[in-house]
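Everything below concerns the one structure shown next.
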Amino acid sequence: MKSDVKNIAIFASGEGTNFTALTESFKKEELPLNVKLLVCDHKNVHVLDRAHKESVPTFVINFKDYPDKAAAETVIAKKLEDEQIDFIILAGYMRIIGPTLLAKYEGKIINIHPALLPKFPGRHGIEDAFEAGVDTTGVTVHWVDSGIDSGKIIAQREVPVHKDDKLSDLEQRIHATEHVLYPSVVKQLLERGEI
């Protein structure tokens with residue numbers, strides 16, 4: 001049965017709370033997923049500590065060390081190939097995946113976004129929704145394509161915005177929702193044979 005285990009790479013850029021939610025859920029559910037690698041584009045961020053705590057190997061890449069995104073992604077793609085990665089989960093990875101990685105992992109990369117796409121795409125989804133004064137926002141898990149948060153939607157969950165909310169209140173509710181939705185979507189994709 002070992003050959004049925006899927007090798008996963010999680011890409012993250014910062015705090016890593018979704019990384020922890022995913023790895024803890026995979027263990028608790030005893031899913032046939034091996035988080036074999038954390039790819040990170042910053043060197044002094046908390047997600048690296050979380051990965052070390054979980055004994056997940058890390059691969060830190062500084063895009064400034066390469067002439068362009070394609071060159072950096074070629075190095076990442078080689079590492080993923082060496083580690084026999086089957087599927088990529090973006091969890092707070094603050095870069096757009098370019099054609100080099102998309103070509104090698106087409107249909108094998110998902111992302112989570114802190115808004116109900118197609119509304120409020122981009123880097124500041126929570127803040128943009130808050131400032132727009134909407135009464136409902138949410139979380140979206142989607143396939144990654146060449147656009148910014150434009151891939152086919154897999155699942156969404158609404159999150160209410162209360163009149164007396166501060167931005168930090170909404171951020172907490174969004175993140176709590178992400179930590180439940182993302183692992184459940186990964187489990188569903190696995191059960192459907194899409195991982």
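Glycine is no exception: its Cβ is also placed from the backbone N, Cα and C atoms.
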Annotated companion of M94, R95, I96, I97, N111 at the (6R)-10-formyltetrahydrofolate site, TrEMBL, chosen from K53, K64, K69, K78: K69
Candidates T17, H113, D149 (recorded positions) - the one closest to I97 ((6R)-10-formyltetrahydrofolate binding site) by CA: D149
Neighbours of G16, T17, N18 excl. site residues, C-beta within 8 Å of centre, N(1)-(5-phospho-beta-D-ribosyl)glycinamide: A12, G14, E15, F19, T20, A21, L22, V47, R50, A91, G92, H179
Protein Cβ atoms within 10 Å of K69 ((6R)-10-formyltetrahydrofolate binding site), excluding its own: 16
Cβ-Cβ distance under 8 Å to T17 (N(1)-(5-phospho-beta-D-ribosyl)glycinamide binding site), same chain, at least six residues away: G92, H175, E178, H179
